[in-house]
Protein chains: 2
Amino acid sequence: MELWFTEKQTEHFGITAKVRETLVREQTQYQDLAIIDTLEFGRMLVLDDMVMTTEKDEFVYHEMLAHPALATHPNPRRVLVVGGGDGGVIREVLKHPDVEKAVLVDIDGKVIEYSKRFLPGIAGALDDPRVEVLVNDGYMHIHDHKNEYDVIMVDSTEPVGPAVQLFTRGFYQGIYEALREDGIFVAQTDNPWFKAELIKSVNRDVREVFPIVRVYTANIPTYPSGMWTFTMGSKKYDPLEVEESAIPEMDTKYYSPRLHRACFVLPKFVEDLLK
Amino acid sequence: MELWFTEKQTEHFGITAKVRETLVREQTQYQDLAIIDTLEFGRMLVLDDMVMTTEKDEFVYHEMLAHPALATHPNPRRVLVVGGGDGGVIREVLKHPDVEKAVLVDIDGKVIEYSKRFLPGIAGALDDPRVEVLVNDGYMHIHDHKNEYDVIMVDSTEPVGPAVQLFTRGFYQGIYEALREDGIFVAQTDNPWFKAELIKSVNRDVREVFPIVRVYTANIPTYPSGMWTFTMGSKKYDPLEVEESAIPEMDTKYYSPRLHRACFVLPKFVEDLLK
């Protein structure tokens, strides 16, 4: 028997991957969670039928959510990750030499539990002594902390289910207040081919809160369209003013000092979306 | 009844698109040709079961094969396109103000015929008076013309079927000789996620022929991994030395003067492939 997992990325288009076995499938308190072992991309975390991460291409998303902001802040000591229970962003955050403390707040403890068990190469960093893991509502955590973090990263699912409130102006305002006076915020903000309106509205909302707003992209094969956007809001530092020579060469596979400024140069149709 | 077209991009991974209708399906002398109408990407040209182009995302591939080389050459008057019978690259070539003559050589006249009929927005430029269309073997055409073209673009399928000989050192040597003394060559060279060895061997071969070799990428949602590479071989001009201000702003949707140098900055794992 051949088993194939198909994600309908839109109503009329999808990706399909041959599956060796299903490692876990569970309806958690918040979402439908599965980890499957695929022949092309290795183990794959799937939430509400959407591919969240795979062993083969996870490094792109995790590096590209973490490093552009960390390289922009001159001294990122305290970092918060909202969502991201698989631990991949935390692993990247800990590569930065300045980071003293990284807090992870994911609403779904099952994502953390099963990622540790079945995706140790991604989730292993959650056991680092610099990391505090909280199973909690990220929206509430943000609103309970003021002037505390240097960098806040939002590693959410798409705006369905528990992630809906993470795509609101009120959330961005809360993040602004949870950041120190020179803090930086970054979030994954979906793709411009199928979700142009979402990117536009997020961009508009973040601009109302942060004085410096920049969008960059990365190629993620298992995400819709293969091109993912990230939106950065900054109180003081502009990522485009960071010198390549000031960025440490780290143990990465996608991000590099050379890529730092180039990833902010957008295709024309994406530039036009943000006008 | 729901009809879905699935391309297995690798043995274990693919894309799937809902189909409204099949407009043409024919075994030509060279390949299995189909044009289908999909709900997400519009009309789609499929050769030997591989998506060649779609109405929704075709602009990326066609602009990005044509414009980086045209912007690098200070006066590209005579341009040759090998393959590309759908006419999309020719359409982009004609946007450049210096081009006086564009020659298209595709081995399969049926691709040209059906593209004109079913993909007029892409193939319409083939009727321009500056264009000469030849139904012929590109490999032979290259070897019959010496010192004639300013820019040669290879718009081939992947190296299966008739395109195998377009991925050989002998072909690149022929292109070198068909170019004028300051000519530039560019080819689509597949993706680094599933075809790393191909990119490495093409890069090695082109380096043996051309003194300046540069690789750049673009995001194409319907191509495997969503990230496509292009390899440029140049006798004299380096695309990285082109000033943004020297590039004309044209009627494009992906390429722009701002993107010209940024598209050559590669993710670290792709840099490593080319070392």
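Heads up, the Cβ atoms here are built off N, Cα and C, so glycines get one too.
Listed in TrEMBL for this protein:
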DOMAIN    B:2-235  domain 'PABS'
BINDING   B:GLN31, B:ASP106, B:ASP137, B:GLY138, B:PRO162  S-methyl-5'-thioadenosine binding site
BINDING   B:HIS62, B:ASP86, B:ASP155, B:SER156, B:THR157, B:GLU158  spermidine binding site
ACT_SITE  B:ASP155  active site, proton acceptor
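Structure coloured by features recorded in TrEMBL.
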residue: B:GLN31; record: S-methyl-5'-thioadenosine binding site; Cβ within 10 Å: 22
residue: B:HIS62; record: spermidine binding site; Cβ within 10 Å: 26
residue: B:ASP86; record: spermidine binding site; Cβ within 10 Å: 28
residue: B:ASP106; record: S-methyl-5'-thioadenosine binding site; Cβ within 10 Å: 26
residue: B:ASP137; record: S-methyl-5'-thioadenosine binding site; Cβ within 10 Å: 16
residue: B:GLY138; record: S-methyl-5'-thioadenosine binding site; Cβ within 10 Å: 28
residue: B:ASP155; record: spermidine binding site; Cβ within 10 Å: 28
residue: B:SER156; record: spermidine binding site; Cβ within 10 Å: 23
residue: B:THR157; record: spermidine binding site; Cβ within 10 Å: 20
residue: B:GLU158; record: spermidine binding site; Cβ within 10 Å: 20
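Within the set B:HIS62, B:ASP86, B:ASP155, B:SER156, B:THR157, B:GLU158 that the record links to spermidine, no two Cα atoms are more than 16 Å apart, and one pair reaches that distance. You'll find the Cα of B:GLU158 (spermidine binding site) roughly 12 Å from the Cα of B:GLN31 (S-methyl-5'-thioadenosine binding site). Residue pair B:ASP86 (spermidine binding site) / B:ASP137 (S-methyl-5'-thioadenosine binding site) shows a Cα separation of 16 Å. The CA atom of B:GLY138 (S-methyl-5'-thioadenosine binding site) is located 10 Å away from the CA atom of B:SER156 (spermidine binding site). Across the fold, the C-alpha of B:ASP155 (spermidine binding site) and the C-alpha of B:ASP106 (S-methyl-5'-thioadenosine binding site) stand 9 Å from each other. Using a 10 Å Cα-Cα cut-off from B:SER156 (spermidine binding site), the binding-site residues that qualify among B:GLN31, B:ASP106, B:ASP137 are B:ASP106. If you take every residue in the domain 'PABS' (B:2-235) and average the pLDDT, you get 96. Rounded to a whole number, the C-alpha distance linking B:GLN31 (S-methyl-5'-thioadenosine binding site) with B:THR157 (spermidine binding site) is 11 angstrom. For B:HIS62 (spermidine binding site) paired with B:ASP106 (S-methyl-5'-thioadenosine binding site), the C-alpha to C-alpha distance reads 16 Å.
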